[in-house]
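Accompanying notes for the structure given below.
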Amino acid sequence: MPSLSDGGSVLCFETKERSSSFRGAEGFGEREREIEGFCGIVLKFVIVSMLTIDPSKKNSFQRCIEDGDLVIVYERHDNMKAVKVKKGSELQNRFGVFKHSDWIGKPLGSKVLSNKGGFVYILAPTPELWTCVLSHRTQILYIADISFVISYLEIIPGCLVLESGTGSGSLTTSLARAVAPSGHVHTFDFHEQRAGLARDDFERNGLGSLVTVAVRDIQGEGFPDEFQGTVDSVFLDLPQPWLAIPSAGRMLKQDGVLCSFSPCIEQVQRSCEVLRSDFTDIRTFEVLLRTYEIQEGWIQSATEGNESYRITTHTRRKRQCISSEGNGENTEKASVTSTVMVRPSQEARGHTGYLTFARLICH
Amino acid sequence: MASLSLSFPLYSALDLSERRRQPPAARGLRSGSCPIFAVNREVLIPLEKPIGYTGADPYKISSTSDPLMAGELFGGHQSPSVNPRVTWEGCSVLLDINDGDRLVFARLSPAANLKIGDKKCSLRPLIGCPFGSQFRVEMGPNGPYLERCIHRPTLAANDMAVREKGNEQVESESKDNRALVDNNTAQSLSCEDIDAMRRDGATGNEIVEALIANSSTFGMKTVFSQEKYKRKKQKKYAPKVLLRRPFTRSICEAYFKKYPTRIGFLRIDALSLLLSLANISAYSDVLLVDMVGGLLTGAVAERLGGTGYICNTYFGGTSYPLDIARIFNFSSEFDSRIVQAPFSFLCSAENHDEEDRKLHESDQSSGIQSITKKDSLTKCDTSTGSTLVQEEQPLQNDNSSLDEELGNTKETLSSGHEGLHENNASINYKSVNPRKQASSDAIKMWREKGFNSLIVAAPELEVDDIVKKLLPLLSYSAPFAIYHQYLQPLATCMHTLQTSKMAIGLQISEPWLREYQVLPSRSHPQMQMSGFGGYILSGTRICNNSEACNGNQ
Ligand SMILES: C[S@@+](CC[C@H](N)C(=O)[O-])C[C@H]1O[C@@H](n2cnc3c(N)ncnc32)[C@H](O)[C@@H]1O
């Protein structure tokens, strides 16, 4: 039995690391009972939470890193990692060895040093950061699609939402944030292991009270009848969504919104054909993000004897060197001005999938 | 419970039917208000075009309906605080006329009227109907009225058959339009004939059927052209009104389509990104700079669901208009959670009371808020101030008086705002007042704890400077998102934040949204798309204070 010591940090979950590998359905049953038994305590003592379910625990200047917290270790925007803070543990990366005990008591958002003087930042988890660090057990949805889906499905606190499949839980995490504190997300995947791992993730992230994961073949069996006519929004990310659409329609309240995400236009085509019988306002979108990078540079004006127009860019570090040594140079060449320049990033995502939305016809 | 006894007629609102025709440059820039943009000579805003409603699915119309039954059928009135799906008296709605041709925000009351074409219809039949219901203008003995159309699955099946016929036809196209000559002789019904039918009490649909029967070319058209013809005639002779929920999605799209300048060209996908990137979630205390008319405030409040707080801050003496936030159907507990404070109050602790007094005075002189109202609002702030640290505590006892006051407030507040609403006096009941001053308790708390999120949508301000000022108000590790119509100010801002080491995870992104037509064998991107949805700079505030984070410098 877990104890209440250690500041009462997420007692139930802490004892079971996800790394303890997958257990069969039996194991989960056991685990659920355990969690159920501690439900009241869990709600009261969750400090490792991505969301502020308990308003007194919300982030503030005073909120410091505590033993048991789930944090995001930030190296660069494209290099982050989720870490559970544990006294006595260490994090090792190319910058050296970081002792967790050095982190405890510092504010979230602090820069922490390794034994070699390297540094990382320790951040509070958010659904956006989670999408960057989660383990990809499937293809996942990213921020552009996720944010659009939440708005277009009209998900607000208190909503009841159905999702299938759960996959890696990237979208589910944002759905949970949107329905909190009083709504609920029921998410279904027919892959038992994935469902289990996703459930573990939600619990570790403090979303256990907002999300229920179930193993079910949604294309074959549809959603459970108990939800009939009670659901505000349904999200489908399935290979043959048209098989699940009739069931989704039965679950929705009138005027409730459905969204189906499909990478291929042929899937969209078939889905739309089925949607037309019970849905209206059927709209298909593609959402992408283009990112930009900035550079500070010196643009030389094309003066006499200087036929070509030159742009010199520097990384920030270089620029600092130059400004400390190169004052003379700058005064010498008065025609050189420093500008912040911006251009689209080299790499961009070209396609993720089509988002098809539809509203249940109001009879 | 929202069935209210309102004694005065309400019809509000904001009719978005006429899109301002302006050259794009003029729409983007209000002259003189944004000096920073002067550096952007080479930066052009791509031409903005409205996203059309797809119309991919024509609405079905049946001739039987009984609007009076609707209330019973769907459980009658519901409490507006639990995400209501049925309208009530005093409820704010978006009326979508003929598939988005005209969009009108209105407040339902028995006395409210809507003019469609040359016919004035009462909005009374809309009260107690589920959102998503559709109405058609019909002629009755007492003049035109709105009749609810009940969708029937059988009709949907019929429609399906049309689709399938169309599908087959595309696969083995037997008809084409080569023989159609446009010489205005195809229609043998004259205007007089149609008027005569009307006088005889023909329904709109009967007229449409007659027009089809009397068109010599209709039979020669392809199935798709026939559908298009029918839809065009229905719009004219049997206009329909769709009852939509005023949600962030519909409000943002309506404004983006009809008045994009009022929301700084903030497209729904960009707005959605702001909300996600700033981690807007229940119980958050959110700092906003909303210069997009209150759309941002409403969208954030919707996500907070009556928990947490929104503090709108502003620079200089006058706060920004937030009228769009009043279109949302927020219950009264939301209202106490939306406040504003001038930036100077948020950052300086000491002479707050002094400044407060000055503000009172200046408000009085500029006529923005009357002193009596101000006092009463301060009172209500104090009461919410005490709930700040506790669970939410509905202010039920003084609700009624509060609403009344807000009604008055509204009249005074929006009178100066460029005629955004046709009839200011009519918008009041149950709409939030987003322009109450934050209590000093709340400000003190925010100064101690910091805000959990920051969103800036100030398309006309120099963001670099204000972001530098606002970031210190955010608690450590809190995310923020800045919206701008132009790229360069964000690039400069990003550079400033990088060099000052105030934030990490900095990223500038530009959302891109394309809608598709999906029809059997006829799927393709829509011909028109919005070429411009603005830019977003996002990041996370870090603790760069050597004392708090000892040893990191
Ligand atoms: C691409 S993933 C979903 C990713 C998810 N949206 C995310 O953001 O992480 C698709 C999931 O659907 C599940 N799936 C496929 N067919 C299914 C079915 N018939 N019933 C339930 N789940 C199914 C797969 O196991 C897979 O995990």
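These residue numbers are counts, starting from 1, taken along the chain as shown.
Every residue, even glycine, has its Cβ placed from backbone N, Cα and C.
A:ASP189 is the residue from A:ASP189, A:ASP225, A:ASP255 that TrEMBL records in the S-adenosyl-L-methionine site together with A:SER168, A:GLY169, A:SER170, A:LEU171, A:ASP217, A:ASP237. Site extent for S-adenosyl-L-methionine: the farthest pair of Cα atoms among A:SER168, A:GLY169, A:SER170, A:LEU171, A:ASP189, A:ASP217, A:ASP237 sits 20 Å apart. For A:LEU171 (S-adenosyl-L-methionine binding site), the count of additional Cβ atoms within 10 Å of its Cβ stands at 26 [all protein chains shown].
Counting every protein chain shown, 25 other Cβ atoms lie within 10 Å of the Cβ of A:ASP237 (S-adenosyl-L-methionine binding site). According to DSSP, A:ASP189 (S-adenosyl-L-methionine binding site) is assigned to a strand segment.
Just so you know, of the binding-site residues A:ASP189, A:ASP217, the Cβ with the fewest other Cβ atoms around it within 10 Å is the one at A:ASP217. Listed in sequence order, the residues of the same chain lying 6 or more apart from A:GLY169 (S-adenosyl-L-methionine binding site) and placing their CB within less than 8 Å of its CB are A:LEU134, A:THR187, A:ALA198, A:ASP201, A:PHE202. Neighbour counts were taken at the CB atom with a 10 A radius for the binding-site residues A:SER168, A:SER170; the maximum falls on A:SER170.
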